[in-house]
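Take a look at the structure below.
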């Protein structure tokens, strides 16, 4: 029996992607309001508890922050077991992290079939983007949701959890009644840049998918 005020609804979400894409920063931004400027390879797994208040009551996400380093690959099945949803993250300033997205997706769906998955391109506050909206096709081919995000500016930070909450609860009218407490942005996301990215994504969504069998 949950204590009074404790969320009755909770979900396990696994956060995966290459090392250095900002997964741990993503979580710590929510929970402690700290942005990690120094990259420290995550050892093992940390479970972060994140509560969102919605018009359907509080929802708790138990976020498993998995190691992005391949040397920990043997442990990943254990991370994935009983996951109810997932976030795959890549770094828009690093093409290789996007090229590795299909591998993360394959590992994930091998253990967890038919769970809602969000693909996130992090670090969009950096103007020198290497991965643009038009070539980001993987989510369309695999029917995943996609968001540009930025830890440093808080841009779109709650969007992945908002989309997952609606999917998991099965209510398209679910709304957050309070935003999570985040630290003040370290940088300001240029509104014109954000508008351009959103426009580019909209255009990309209406572009026909290429015929080739390339995963990306």
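From the backbone N, Cα and C atoms, a Cβ is placed for every residue, glycine too.
The stretch that Swiss-Prot tags with region 'Switch-I', taken from the ranges 37-45, 46-54, 55-63, is 37-45.
Swiss-Prot lists region 'Switch-II' at one of the ranges 68-84, 85-101, namely 68-84. Nearest in space to residue 99 (N6-acetyllysine), taking C-alpha to C-alpha distance over the modified residues 24, 60, 159, is 24. Between the CA atoms of residue 60 (N6-acetyllysine) and residue 159 (N6-succinyllysine) there is a gap of 15 Å, rounded to the nearest whole number. The separation of residue 24 (phosphothreonine) from residue 159 (N6-succinyllysine), Cα to Cα, is 17 Å.
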